Amino acid sequence: MVTLMNTYGDMFRVTVFGESHGKAVGAVVDGCPANLPLSEEDIQKELDRRRPGQSIFSTPRKEEDKVEILSGIFEGKTTGAPICSIVYNKNMRPKDYSKIKDTPRPGHADLTYRLKYKNYDYRGGGRASGRVTIGHVIGGAIAKKLLSYTYNIKIIGYTIKIGKIEGDFSYYKNPEVFENEKSLERLIEIIESNPLRCPSMNEKEMEEYVLKAMENKDSVGGVVEIVALNVPVGVGNPIFNKLNGELARALMSINAVKGVEIGAGFKAAEMYGSEMNDEMYFDDDKNIRFKTNNCGGILGGISCGTPIVLRIAVKPTPSIGKKQKTINLKTLENVEIEIEGRHDPVIVPRIVPVAEAMVAITLADLMIKGGFIHPCSL
């Protein structure tokens, strides 16, 4: 298993690089088989989904996030060589962070990075910034293309809760939406046209919740649900390399994610076994079917053929306008801090494409390791 702290994956490996206010960010993807049709447009459309400044609910930092592929592509297809992609930072304002050099911001990684590494790029959070997830999305875009090309796998994420406001749409409330192509296309249209990436009818109530927090110089969190469709039976391994364990590890690598649920999740603790168990039957063509999907597409750490259903808890953006108490590491005094800069009042909608990316990278890695996808050439 790869243990490098900036690399994720064993066979399909994604190494992310760069800092929030450095020259550039990006990713190197190693282990993608040759002959996969891939273009900068395939990556750009995913990056555009996480790009800042697209609504009043995201940071006003203006970045075009234009990707450039430097290697690994020839005549429109992958060669099997490492795919290096870079995005240059354009709208940096490092002076916004000069006041926090010695005063770690509550809720951020400032303190732990400073104590561990001593020489820490504190500008905008450096390596701990959400901007670094551009690398995740680059890797995820390539993984998505690979999964779609080989198995028609679709990965769809959306917001189901903002703060205390729970939406009326989710996989378990509306499973029929995921059963045909037309309803899926319509769902994606609704998600992508909404500033919170929420397909619920009560989404406006969520918007008001965020606006109220903004008025109070505060921020909010929420819950994102991710559904992976058409994943074949047999992906994953028992015991220590379970599919659910690998997916949870991948999703927990995303900044601001504080919890992961799979299938019925924590509600399973409230259910009877007779309610939780997904009963099986043969359809008319003798295919194995399940009456329910409380397992979330995974049994014993291995995919069972039903949709894989995951949810992540996203904490409120830690950068807020309110005065907060902290410490000065240089003077050893207790001080107050008022954070300047450009920040998201809610990070939830921009985490959606990042979460999809990490699910895709995990599935691609496990499917290459498991023999579902040839490691050298398609």
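Even glycines carry a Cβ here, placed using N, Cα and C.
Taken from Swiss-Prot, the feature NADP(+) binding site applies to Arg50, supported by sequence analysis. Around the Cβ of Arg50 (NADP(+) binding site), the number of neighbouring Cβ atoms within 10 Å comes to 24.
The FMN binding site feature in Swiss-Prot is assigned to Arg127, Ala128, Ser129, Asn255, Ala256, Gly300, Lys315, Pro316, Thr317, Pro318, Ser319, Arg342; the stated evidence is sequence analysis. Cβ neighbours of Arg127 (FMN binding site) (same chain, under 8 Å, six or more residues apart in sequence): Glu19, Tyr113, Asp121. For the recorded site, Arg127 (FMN binding site), the DSSP three-state label reads helix.
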Self-check item: For Ser129 (FMN binding site), nearby residues of its own chain (Cβ under 8 Å, 6 or more apart in sequence)
Solution: Glu19, Ser20, Asn255
Exercise. Just jot down the residues in the same chain as Thr317 (FMN binding site), at least 6 apart in sequence, with C-beta under 8 A of its C-beta; none if empty.
Key: Ser219, Gly221, Ala256, His343, Asp344, Pro345, Val346, Ile347
